[in-house]
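Asks: Pulled from TrEMBL, these are the listed features:
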type     : residues : note
SIGNAL   : 1-22     : signal peptide
DOMAIN   : 36-353   : domain 'Glycoside hydrolase 35 catalytic'
ACT_SITE : Glu183   : active site, proton donor
ACT_SITE : Glu263   : active site, nucleophile
DOMAIN   : 400-512  : domain 'Beta-galactosidase 1-like first all-beta'
DOMAIN   : 541-599  : domain 'Beta-galactosidase galactose-binding'
Amino acid sequence: MKSHVPFVLISLFVLTVFSVLADSRSFSIDYENNCFQKDGKPFQYISGSIHYSRIPRDYWKDRLLKMYMTGLNAIQVYVPWNFHETIQGAFNFAGDRDLEYFLNLANQTGLLVILRPGPYICAEWEMGGLPAWLLHKPNIILRSADTEYLQAVSDWLAVLLTKMKPWLYQNGGNIISVQVENEYGSYFACDYNYMRHLHTLFHLFLGEDVILFTTDGNTDKEMICGTLEGLYATIDFGTDTNITTAFNRQRRFEPKGPLVNSEFYTGWLDHWGDKHASVDTEKVSKMLGEMLVMGASVNMYMFEGGTNFGYWNGADYDTRFRSVVTSYDYNAPLSEAGDPTDKLLAIRDVIKTFRDIPVGPMPPATPKLSYGFVTLLKVGNISSLLDTLSPQGPVRSQYPLTFEEVKQYYGFMLYRTTLPRNVPEPTPLISPLNGIRDRAYVSVNGVYQGFLERDTTLVMNVTGRQGDQLDILVENMGRVNFGTYINDNKGLLGNLNLGNDVLTDWLIYPLDINTAVASGWLQSDHSEVPPGPELEPGDGPMIYSGTLKTKGLEWDSFLKLNGWTKGQVWVNSVNLGRYWPQRGPQQTLYVPGPFLSATQPNNITILELERAPSHGRILFMDRPQLDNTGQKT
Ligand SMILES: *[C@@H]1O[C@H](CO)[C@@H](O)[C@H](O)[C@H]1NC(C)=O
Ligand SMILES: *[C@@H]1O[C@H](CO)[C@@H](O)[C@H](O)[C@H]1NC(C)=O
Ligand SMILES: *[C@@H]1O[C@H](CO)[C@@H](O)[C@H](O)[C@H]1NC(C)=O
Ligand SMILES: *[C@@H]1O[C@H](CO)[C@@H](O)[C@H](O)[C@H]1NC(C)=O
Ligand SMILES: *[C@@H]1O[C@H](CO)[C@@H](O)[C@H](O)[C@H]1NC(C)=O
């Protein structure tokens, strides 16, 4: 018996140590002292936003390290629902979507995480992160207590938040707080039942011991509709705002607790056709210092913006539809390609005066290479490649169907019918109800006639004979991500008229270009073409291809499409995004080194929608060009 005593004592000792350890990991709000508390001590976060969905996985660690070396102690991360549940009920957390790997890298780097799981995130991301399949229910009221919407949200959050629970700080991970919805007060619905439901779900899946918060814009209306008892109310604002006024507003809704600016804007986004946005470095660093001196916790939006690869860009709708460009550089402290900028150095100088920043050099910019020109060859037009691009074949319908009805949510679809009568004279092809979402490229019997565009070009002329084939390639340019009009169905939303005749009897081809590219089906046969031919500048949607040899150096590069009009580019099997140098301001696409191969020729595929230049060349440069509206040649 005696010999058991030490064992019991040891066990007690071990238990005590463990419970002390467990207790020592805590993160909470100290309402008495107007601050956060981490492990029982006052804590102020200096954070930056970074979106894993906009950065190649191979570069996550590099970007996080640069943020850490700037002196940040936290990052803020959005989770785009549609990136993980593209098809309802099928969840993808692999590769570039491996959120837990990203959290792990952040934790290893020494960064805490402020998680923003939505379900709506805005973020200038396709449909604000909501999956387009939600639109299967006609007139669904998104971001409200709509039954179907709530059911889908619950199913998603059950998967996501269950994964996140072990990552909460008090459970041994690095997530210190979790945002519920996003800027909900800016949405017309103002549905407290929805917010209450989310509140319940978040606690159900994460437990009671977690800081849940909301973020809203700097107006009373937004704070009134966006905040909810039990969710800590924070505010967001940029350099054009009076700090005192904004934090006083937060105080009216949250009389005690830390001051928090959840989105302090270091830069801004670009739309096609608009001026390039930038925010002054001096203003950013001065205001950051002023907020930190007040003891406020601040998240800089963005710290590293990255890229809207593929079809993931969002769009705004104010007076008209405005699509967000491919680059999400955001004029942020780390550039689109992850390079430290002067803005980063200025911010670091400010942070230095508030906390010890890590010793050691800032990791350098990743090397960039100018690979030079690549000449492309024509592979064929969309109509001649339909078997490859649409292996399932068409859906037949008397009237046009939307993308959502055909269950192709992103990219392009081809609508085909015939002319119902002879139209020897130019005759208007009309979208009477402004139902082109978002651009339609029109050919009659293989001859390109022009395009229709949402809100701006609802009529064009065509000529032809009865029975001629009318092909209309429709492009989804990204769903609206903010405001009232987020139910943004794509495709042809209503009938098209030819003069007074309604066009009917459509064949609708869903196009899976990503798969065709990845399968190598769109490579031109270079062996049969003499070297260096001039392109025949065909008009209308065409596929072109070519190869880039990197000579063993897979460095970052920037692709310039001088003389090309508008389209989409793939490098190997990766969909890089949209280009539109004629509209600008973006002129180059970021080509991350990890997308390139050292050992094999890199296959470049381009879908040019309007007109390729006769030189047929594209240029890989060593620097980006994001700020030209209207192309210079
Ligand atoms: C996070 O990092 C800390 C410190 O390196 C480590 O002790 C902890 O186990 C990590 N947590 C997770 C969930 O990986
Ligand atoms: C901000 O507003 C406060 C209170 O209205 C005012 O006293 C202060 O001068 C303003 N600050 C700036 C920088 O304009
Ligand atoms: C597509 O190419 C084929 C074969 O070269 C040609 O016959 C056809 O007219 C073209 N169609 C369109 C819509 O350009
Ligand atoms: C269509 O053609 C008619 C007759 O030539 C012309 O008056 C009209 O301006 C054209 N409309 C468009 C949109 O090009
Ligand atoms: C490019 O395409 C060729 C032919 O299909 C293929 O052999 C090669 O592996 C591809 N290159 C890369 C980097 O995938």
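The backbone N, Cα and C atoms fix where each Cβ goes, and this holds for glycine too.
As the structure is a computational prediction, the values presented were derived from the model and not from experiment.
Describe each of these features in terms of where it is and what it packs against.
Replies: If you take every residue in the domain 'Glycoside hydrolase 35 catalytic' (36-353) and average the pLDDT, you get 98.
DSSP gives Glu183 (active site, proton donor) a coil state; it is part of no helix or strand.
In the three-state DSSP scheme, Glu263 (active site, nucleophile) falls into the strand class. Counted within 10 Å of its Cβ, the other Cβ atoms near Glu263 (active site, nucleophile) come to 22, all protein chains included.
Helix, strand and coil counts under DSSP for the domain 'Beta-galactosidase 1-like first all-beta' (400-512) come to 4 helix, 57 strand, 52 coil.
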Asks: Run through the domain 'Beta-galactosidase galactose-binding' (541-599) and tell me, per DSSP, how many residues are helix, strand and coil.
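Replies: Tallied per class, the domain 'Beta-galactosidase galactose-binding' (541-599) gives 3 helix, 27 strand, 29 coil.
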Asks: Rounded to the nearest angstrom, how far is the Cα of Glu183 (active site, proton donor) from the Cα of Glu263 (active site, nucleophile)?
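Replies: If we compare the Cα positions of Glu263 (active site, nucleophile) and Glu183 (active site, proton donor), the gap is 10 Å.
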